[in-house]
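Residues or ranges marked as region 'Disordered' by TrEMBL: 16-35. TrEMBL lists 25-35 with the feature compositional bias 'Low complexity'. Marked as Fe cation binding site by TrEMBL: His267, His316, His382, His571.
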Amino acid sequence: MDALHSCFPSTISTRKNLIPNTRKSQPPKSTSSPSLLLARARKDHDCHDDIAPSTGAKRCAMILKTLDDFINNYLEPPPLRPSVDPRLVLSDNYAPVTEELPPTECELIQGPLPPCLDGVYIRNGPNPQYLPQGQPYHHFEGDGMLHSVKISQGRATLCSRYVKTYKYTTERKTGYPFFPSIFSSFNGLLASTMRAGLFASQIITGQLNPANGFGVANTSLALFGNRLYALCEVDLPYAVSLTSNGDIQTLGRCDFNEKLSVSMTAHPKIDPETGETFAFRFSAVRPFLTYFHFDADGTKHPDVPIFSMRRPSIIHDFAITKKYAVFVDIQITLDPIKVITTGGSPVVFDPSKVPRIGVLPRYAVDESEIRWFDVPGFNILHTINAWEDEEDTDTIVLVAPNVLSAQNIIERLDLFRSSVEKVRINLKTGIVMRLPISIRNVELGVINQAYVGKKNKFVYGSVAEESMLPDHDSIPKCAELVKLDLDVSSNRDGRTVASRMYGPNCYGGEPFFVAREPENPNAEEDDGYLVSFVHDEKTGESRFLAMDAKSAQLDIVAVLKLPRRVPYGFHGLFVKEKDLQNM
C-alpha cells in the first residue's frame, strides 16, 4: 500500500566547544521541502506516519517550556557531570552539523574507487536537532542523522538527513527539546521530581503520546526483508529509503503488521545463508528480555519471553550461531527506583552482580532450553561473532570486546577500556574458558558479514588509546584501525596482523567490510575493502576512505573529500547496488 509520510527537515552546527549560552532554542534552517514525496510502505511491514501534537498541546507548549527552562536554569545541581556536560560532550567533531545536506558531489582525491563499492555506504549517529540550553546532554541521546555516500561508476555524492522520528517531528513543531532521556534527564532529586511532573503534564495535555515511541533512531542500520531500517534499542525500527539520486527519506515507524511491540535491539543479526533476521528487546519490566526472529521476507515470528532474566539489564548486543542465540547479562542494570530515591539515572552499575552468558536454541518457541553460565568480570557492549566449534560440537565460541571498567560505560566514557576476548562455552560440562585476543583498546569490531554465525578468522576494529587523546576529551576517539587474526597462536600483541594510523589530528569510527567479489563462494575471507569516515580536527575536513583489507598496512586505495563535515557517529553498513534495486 502507499502512505504519505510527512518529513520535517532540520539542522545544527558547531566548532570546537561551541555551546552557546542562550536561553531560547532556535529552530534550525531548512534545506529541503517540508514534505518528501509519497513513500511506498509494504503492508506486511506496516509502517506508520508520525502523529502531530493536538491544537491544545500547542497552546500548552509555551507554559511547559517555561517550566522546563526553570528546571534547567535553577534546579539542575551544578556542576554537570562530565558525561552529560554539553560543553564536553558536544566538542570538536562530536558537535552536530547545522543543516541537512541534499545529495552533493564529492571530490575524488585518490582513486579510482573499486567497482565493488558501487552502492551506498550509510552511517548512523546522534545529531541533536536543538542545542542544549544549559541542561544536561548525553552522547547517546541525540536525534538520529544518516550520512550516506552513494557511489556509481566512479562518482560519489554525500547526503545527510535526519530520521524523522516521532520525537524529532514533535520537537520540531513545538520548537524546543522536551522528550525525557534515561541518561541525562535525572540530575538531582528535586530536578528529577520536577521533570517527572513535567513529563506527566506533557502527556495529559496531549503534547506527546507515549504510544508513538520515544526513540531517536540514532544507533545503527539493518537491511532485511528488502527494506532498510534506522534503529535504536528503545523504540521500533524506522524504515528509510534511498532514492536513485542518493537522497534519504524516512518512510515511518514499523510494527511489522502489529507483531512487533515497544522496541527492538539496534543490533539484529542476519544469517547470510538463510536471510533470516534474529533480534530481541530488553525492558525495565517483566519479561526483562524477549527474543524473536523474522523470515527472509521480513515476516515476524512470535515473541519468546525469557523469564529467567531475574533483573532488568542493559543488553545492547548479542550473537547467533547456526544453532543458538547467545546473550550476555552484564552488570549495567536498570533501576527505576533510583530515580525516586536519589534523582539519579536509572542506568546503574551493580558491583555485586555476576555477569552471565545465556545460550538459547535459535528456533526456540519458549525459554525452556535456555542455559545460563556465570562469567565473572565479563561485561560487553558489542559482540563480534559466535559459532559452534568445528572439532568440539559441544562448545560454542563467542568473540567480543570485554569492557574492563564497566562502571565507566555510562558516566566516564573517557576512561573506557576494553579487551577483545575469545570465550569458549562447553554446553556439556558447563565450563567457560576465556582467552584474551588483544590488549589494545579495541571496540566497534566488525567482520566479513558472509561469516556471521560461523567460524571466521579476521576481525577489524577501531582503537582508542589514552595517549592519543587530548586532555579535555570526554569521549574516546579512534585514531587507528587494526586487523586481528583469531587463529594466530602467539601472544596477544602478535594477533594484530595489520594496522592503519589515520594521521595527526585524524580520527575515524567503526569500519565496514565490503567484499571485492560478494557473489564468489570461493573468495578469501579478507578479500575486500574497509570503508569509513575519517575527520581531520585541525583542518575541519572529513573524508571517506576505502582501504585494502588484505594488505599489511591496510593501504588506502581511494579517498573522497566530502563537501562538508561528518560528525563522529555509531554504526553503519554498505548496501550493494543490486540490493538498492530490490528495496
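Glycine is treated like the rest: Cβ placed from N, Cα and C.
Whatever TrEMBL says is automated annotation, not expert-curated.
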Listed in sequence order, residues not in His267, His316, His382, His571 with Cβ within 8 Å of the centre of the Fe cation site Cβ atoms: Thr219, Ser220, Thr265, Ala266, Asp317, Leu381, Thr383
For His267 (Fe cation binding site): intrachain residues, at least 6 apart, with Cβ closer than 8 Å: Ser220, Leu231, His316, Asp317, Phe318, His382, Thr383, His571
His382 (Fe cation binding site): tally of other CB atoms within 10 A of its CB: 20
